[in-house]
Amino acid sequence: MVFGDLNERPLKKRRFFVDEEDTHPPSSEAAPVTTNLDTSTISSAGPEGSDVRQQQLNGAVPFPNVKESSRESPGLGPEDKQDNLLKEDEENNGTVDYEILNHSPSIHAQQDQRVDQGLTNGFGGQPSGERTVSETQAFQSSGGFDTSTFASIIGEHLSPESLEKIRKASGDDLERAVNIYFDGSWKSSNNSLSQPLVAPHQQTLSNPCTPVNESISQTVNTKISKKPNQAPSSRCLSQSSRYIGAFGVGAWATRSGVGLLKHGEHVNVERARSQPVSKRGRGGKLITNQKGDVLTRFTNKSGQEIGRLPRETAEWVSTLIDQKICRFEGICVFAPDRVRVNDTIYLQLWCYLRKEAFLPRNLWNMGDDNRSTAFFEEQESAEEKQLRLRQVALVKLFDEIGLQPTTVNDMTKKHKKEGLLRAAEIAEQYDKTKREGKSNESSEDEESPELEEDQLDTLYKKAQSFDFNMPEAQPPPSFVLNLRKYQRQALHWMLAKEKDKKSGRELSMHPLWEEYTWPTKDVDDKDLPAVEGQAHFYVNPYSGELSLDFPAQEQHCLGGILADEMGLGKTIEMLSLIHSHRNVSPSRQGPSSSTELVRMPSSSSAILPAPNTTLVVAPTSLLSQWESEAMKASEQGTMKVLMYYGVDKSTNLQELCSAGNPAAPNIIITSYGVVLSESRQLAMFNSNTQGGLFSVDFFRVILDEAHVIKNRRSKTARACYELRATHRWVLTGTPIVNRLEDLFSLVRFLQVEPWNNFSFWKTFITVPFESKDYVRALNVVQTVLEPLVLRRTKTMKTPEGEPLVPLPRRTIDIVEVELSEQEREIYDYIFTRAKRTFNDNIEAGTLLKSFSTIFAQILRLRQTCCHPILTRNKTIVADEEDAAATADAANELKDDMDLQELIDRFSASMENADTAEAQDPSAKFTTHALRQIQTESSGECPICSEEPMIDPAVTACWHSACKKCLEDYIRHQTDKGVPPRCFSCRAPVTSRDIFQVIRHQSPSSTPTETDLYSSTPASSPHPAPRISLRRIHPLSPSAHTSAKIHALINHLNRVPANTKSVVFSQFTSFLDLIGAQLTKAGISYVRLDGTMPQKARAEVLAEFNRTETFHQEEIDEDEGPDTPRVRISSKNSRSSPKSPAVLLISLRAGGVGLNLTAASNVFMMDPWWSFAIEAQAIDRVHRMGQLRDVSVTRFIVKDSIEGRMLRVQERKMNIAGSLGLRVGGDGSEDEKRKERIEELKLLFE
């Protein structure tokens, strides 16, 4: 028989065709169902009793009156029937192409497959092994197809050839023939049906991996790509499918009739899915917007739909069929003689694992196994959902047929099934919530709960149970620094981790995999054919993979997490490891683990080893620090360091780092941004970057400040996963920032099996945690941490009671700042508006939906506490700046003027006059007045008669008086409604034209307690300090100071000489304002923030640290026996007058990693929600190498939201449950919302 091509058949017509089954016709495919059967229906009809029939369903009693020909060799599928099938198809002239597809076939491929299935089975609905040639001929010559009726329905008379084509395609079914006509498939060409019939299950494969024909081989090569170093089998099943078990199911009828289905009759299973609506998301990822159809139908031998499988069973059976994992043969156990809609029909389904299930999947296109589960992700892609469904389907199938593993990991045995199903349930529930549009209200609740401070302590407990008797290791002579005892112990631990060869001692099964034995008897207790060399198969329930090869765990993690608290010298410890463990052999130690993560696609060019090179990846701000530390710690000529950043990226690393190159660098330093950039290029061009980071296999890779990759879904983290190295290390003071998933990303980078599989992680950590089984979850996390992490804190004490690191004392003071009257008015206005919004949302019940609006107003309040100008429109501020500059240019006055410059200007104007008569009298008076101010001989105040004047101030006409007297005088005249005039010359004056006399501290004198605005002369033998005139009410908005800036400068003026300070703020615009005021105050400073390129950052740090602010004698006095040697040249023994005294730095750019021990004063200008972030910044100064006591000042505005933020911090830190295992937001969703509302109420009290 020759049929038309069905490639163009509309989706809505697909219900008449079997879905992409290649080994059996629709008649031999059935989907499984649950064993929760309603046996009361069985007892009411049929000759057998309910007990016997239930035993038949469970496989205990064989079914009577079932043709033995249908299951002579169930273990091999339908191979035993191939002779009859071949004869039938030869007589029918049927042809077929067999194609192995991936689990996401195209529509055309699905339709082709349906035609193939129909050809293979004659469209009769009966198993091919039971149909004889005579039956087939009789079926084809049936007179049931009425051509006149068909023509009257379609309204057209067709040619005999077309009628014959449609009649054969429909199997003499008039209804199906009408559908075939209207969908137009009968007009398509039949080129795809021109090959002789070769069904895969009818071949005896001499080579298990050899395709049965040319088309199969081509399809496999083009549609299934082998994952590099993948554990799944390199062998294939020697037949198309193999029996693994059977189970019973209670289906339901969708039509009524008499004699539709009989006991013992074979049934067909059809998967008729509606195509889900999909679209391409970011990065080309396919996003499914509609829930897929899981309808699974069964038909009788005539092709009539009898009923459907219940949804709870069809959900996973459809997955196994669609993804070509299993096929099912169904037998009717019981059906009423007269079937009515919704009647229960009992079936027994025989399950066979298909050959395609053991083929490697193209995981690169669908995302790797860790990414693909998309736990708590915004949207689940189609590929990610397929993996989740595959996992659940396999677990439920094996549970249904009672198939138990013969070998399983002890750790996974107890909670595997519950964990996997619960993880899938959570993901499905989250997907449902997103579809229903509830994300706005509970988006943050859907995130995994945050860990409280006490929980983090619990997690770190084992890692921090440091053995002070641990052996020590001495670095080689090439390392010139002296290590403290705890650092030498760390070096011994790291060397032990890197040189551990435990994986080579014994061949053990990978912990993610389970071993199963192929059944030797079927459900009727009949022997199944044995296959030589294939007694077992292996399943990875966490990735859904199957294998016939033993999945060995070839290598475990040769690295770890160095999690010493900030400031304990992790960089120095790691440099000592680089010196101590170098690769002496140029040859590598074999290939990477077969179970390692999915690699990016690579070109034909080999990835070359770099056996002598360590790659260091660090934040941009730390690159120069790593370079300088590496050179300082190494004997000259023993360490070659390459900065791989910016223009230096032109280096070809494959050539430079090759084993035979004596100039190969020992250390390559690069940034996370460079890794991400080259990763994008690699993915974009589908090939290795020429000589880039991904073209070599490093000896060691180190991630500094590794909490940068805490988000496993971030592009930076995924790029770092792809770096190749024998040894992998992460350095971070905070392995867990606030969620358990933070640790997973580090574990995945380290390739710690089995924990680097996110499905496994979810099953044994996330799911128990979500289910409030905190003890089990956190115990497991401690088990993960213990062998991987070495963590010491500055608070640890030795057995002798001495501190682990003898650091100088650190004091933290909170200074309350009073806002000025104008600042308080602005703050109160914004606070009132924010509180009104808060109350309105409380009354409307929409508080959590308006989080972004409320937090935006909270941000404005915090900015007001720093400086009111931060809350204003930038365009308006810029216009006001221009207007102020224009006004100053008109009257030749500025907001801030140097007194000596004014005297010089007016003196020059008089000297340039030709004659004494030509000289301007006002200029002469001004010069005289300014000189009096300079020499402090201006006399008594003309208003209060105080002598000398208190805080002298001058008007624009250069007459002097006390500042307070002058301001009161102008205010008094203004209140009387009289235009203010100068008390001396009666010239018009305004409050904006009053200039305060500012006497700056001498740069070489010791500051006193003098206030910023005090004019009291400093008694000093040094030259007179600089004096400036500063407008009390500046015209320029940015020239206005604020209460916090005022307090900061007061504190800086009281800082002892030769002492440096670091000022942190999270607002870079606030740093701009602070910098302007420091310039006016004559305080030198440098600045570092995230907008600066790497070279500029390095220059700033070098300038700030270039001069030690203390004498060599001071170092010698303070240096203890365990203090690392520091080298200070004699030329830097004393401060340079031009050395910057202050470093302005943003909290984000400088909060981690930097070494700022040159300073001993820290000023935190604004609080952060978590004090841990502030503590990280403080530890940049209070760390190993600091020789002075550290003073920390936190500025908090009194009676403001900043004070309430501190209370929220304290409240969170003080909340603790039993056993220290309470999580933030613990409890129901309502309880979580109540907590958030309470915190907001606390902010708006």
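A Cβ is built for glycine as well, from the same backbone N, Cα and C atoms used for every other residue.
Swiss-Prot has this to say about the protein:
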REGION    1-85  region 'Disordered'
COMPBIAS  1-10  compositional bias 'Basic and acidic residues'
COMPBIAS  33-44  compositional bias 'Polar residues'
REGION    117-145  region 'Disordered'
COMPBIAS  129-145  compositional bias 'Polar residues'
REGION    430-454  region 'Disordered'
COMPBIAS  430-441  compositional bias 'Basic and acidic residues'
COMPBIAS  442-454  compositional bias 'Acidic residues'
DOMAIN    551-753  domain 'Helicase ATP-binding'
BINDING   ASP564, GLU565, MET566, GLY567, LEU568, GLY569, LYS570, THR571  ATP binding site
MOTIF     704-707  motif 'DEAH box'
ZN_FING   941-986  zinc finger
REGION    999-1024  region 'Disordered'
COMPBIAS  999-1013  compositional bias 'Polar residues'
REGION    1110-1138  region 'Disordered'
COMPBIAS  1129-1138  compositional bias 'Low complexity'
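The ATP site is defined by ASP564, GLU565, MET566, GLY567, LEU568, GLY569, LYS570, THR571, and by the 8 Å test on Cβ atoms against their centroid, the other residues of the chain that qualify are GLU573, GLY733, ARG1183, MET1184.
For the zinc finger (941-986), the model's average pLDDT works out to 85. Looking at ASP564, GLU565, the binding-site residues in this record, the fewest other C-beta atoms within 10 angstroms of the C-beta turn up around GLU565. Looking only at other Cβ atoms within 10 Å, the busiest spot among the binding-site residues MET566, LEU568 turns out to be LEU568. For THR571 (ATP binding site), the same-chain residues lying six or more positions away in sequence with a CB closer than 8 A to its CB are GLN625, TRP626, GLU629, ASP704, LEU731.
For GLY569 (ATP binding site), the Cβ neighbour count at a 10 Å cut-off comes to 23, with all displayed protein chains included. Within the same chain, residues at least 6 positions away in sequence whose Cβ sits under 8 Å from that of LYS570 (ATP binding site) are LEU562, ASP564, ASP704, LEU731, GLY733. Per DSSP, the zinc finger (941-986) is made up of 13 helix, 7 strand, 26 coil.
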